[in-house]
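Below: the structure, in C-alpha cells.
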C-alpha cells in the first residue's frame, strides 16, 4: 500500500507546485533611470520587383498606427540593378513616408556590367567599377528624393557572405572596407553595412571603424543577437521567424516566437528590427490583406515603442517562459511582456522606487479576433501586478510621476477662442462621445487641458478634471461637434497644434483634417465644433498656461525681426540639426524650447555651418530659436 500512497502524495505535491508557478506573482524590476539604446523603429520589406506591390490599403495597415494597424516605422526597399525599374519602389515608399516612416534601401546586386561574371547572379564587383557603383547608389538616392522620398540610409549589399541562385554579389570584409573608405562618401545619406546573413564578427570588425559607415547591420538567419562593441547603431535588417510555411502567419502560439526574437535583439542592444516580406502567407499581412497574428505580435513593439524611445533595463526573464522588456520616452513608460507558457502567469513590475500611474493594458492572445485589444487602465504605483494570459503578448503603458531627465512635452493650458473669448471645457463629462463644450473664463480644472505630445509629433488634449481626451470622433462634416473619449491610440484623439498668427494656434485633427472651431458660440455649455481649413478667428486659439502665461509669450513660433539669413535642416530631425548662416551674422545663439517654454538645449554657433546634436531630445514638437544681435528667428521643429 505504500507505493500507491506515495504516488498520490507526489501527485498532490506536483499540483501544488504547478499551481504556485502559475498564481504566485513573479517580479521583474524595471530600473528607471538606467537606460540603454535608443529605439530607431520596427519595419518590414516591400519588394515589388519580386512579388506584387502593397496596395494602398495594405500599406496603410502596415504603417498606420490606428486601430487594426501595425504601426511600422521603417520600410526597407530594394535597389534594382536596372534603373528603369526604380519607379516600382516609389508608391509604397511615398505612402510609408507620409505615415512618418523612414525608408532605407538595399541592393541585391550591382548592374551586371559592373561585375566580374557579367551577371546579376553571384560574382563580385570589379574593382575598377567601385566608383561607378557608388555613383549608382547615389543616383538611386537622388531619384527617390526627387520623387518625394528622402532615404534615411543606403546599404552597400544584401548578404555579401552568401551567393544564392538569384540576385547576389560577394564581398569579403576587406573589399567592403576598401569600397567604403574610398568611394562611399558620394552617397548622400547614411550608409548601412554589412547586412550579412547573420552576425559575422570578421565583417563587423572589418568595417565598423570606417568613418563612412553610420549603421551596422546583420540578418538573423541561423545567428544569435550579438551586439558589436561600437557606439554606432546596430540593426537587424531581415528575418522571418520561425518559418515560412504556407499560411503560418496566424499559427498560434507559434506567432509569439516572432515577438520573442524581437525581445532578444532589443535586450541585446539592437536599435531596430526589420521583418522580411510585409505581405506574405507567413508575413505581417497575409495575402488576403488582413493583418496576421505575427503582425499583431510585432505591433506590440511597433505601435507602442515608437522611434526615439530608449530601452530601460529590466529583469528580462522573471520566470520560465516569460520575457519582459521596458522602454521610456520622457514620462511615458512602456513594458512588453510575453508569456510562452500555456497557462497564465502573474507578473509584478517593480519600478525601483518610482511611481508609474495610469497604466493601460493591451493584449494579444490566440483567440480569433483578439488582435491588440485595449483592456483596463490601472492606478499603478511603485509596483504593479497583473495577470499574463497563457500564450500571450501584453503591453503596459503608464505615466512616470515627477520630473525625469528627458522629461516629456506635457503641459497644462486653458484653450481660449480668439473669436469669442470662450474657453474649451470638459464640464466634468466622463462618458465616451460626450461633447467638448465652451465656457466663460473660470479657474475650474474642467477648463484645464494637459498637452501630451507623442513620438509622431501629434498632441493629445487631456482634461485635468475628468481625464477624458478631446476627440474628433471621425466626423467630417463642417460644424460637427468635437467630443470627449477615454484614452486611446486612435488618430481621432490626436491633434496637430499649428502656430497661425502670432500668439494664436489652430488645432487640426490627425484622422479627419478638420480644425477645432468655436463656431462663434458664446453661451456657456455650447459645444465646440470642427470645421475645414479656414482663416476665421473662430478656428484660432490662444494657449494660456495655468500659471497665467500664454505659450506664445514663453516661446512663440512667430518670427520676430528675422531679417538675418539663416536656415536649418532637416525638419523633422533625427540626430543632428544643420544650421547655416553668413559669417557676418555670427555668432548665432541657438535655443530649443519645449512646448511649455522650457529651454531644453542651448548652443552658440561660431562657424557659418554648424551641426547641433539633438539626439538626446525626446521625440515631439519644439520651438527652435536663432538669435543674432537684436534679431530673432523662431520656427517649429519636430524631433523624430
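Cβ atoms here come from the backbone N, Cα and C positions, even for glycine.
What TrEMBL records for 1-25 is signal peptide.
Looking only at the domain 'Glycosyl hydrolase family 30 TIM-barrel' (85-161), the predicted model's pLDDT averages out at 97. Under the heading domain 'Glycosyl hydrolase family 30 TIM-barrel', TrEMBL lists 85-161.
The domain 'Ricin B lectin' annotation in TrEMBL covers 410-482 (among others).
Residues or ranges marked as domain 'Ricin B lectin' in TrEMBL: 491-547 (among others).
Sequence annotations record features per position, and here TrEMBL assigns domain 'Secretion system C-terminal sorting' to 569-636.
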Residues of the domain 'Ricin B lectin' (491-547) by DSSP state, where helix covers H, G and I: 6 helix, 25 strand, 26 coil
The domain 'Glycosyl hydrolase family 30 TIM-barrel' (85-161), counted residue by residue under DSSP: helix, strand, coil: 37 helix, 13 strand, 27 coil
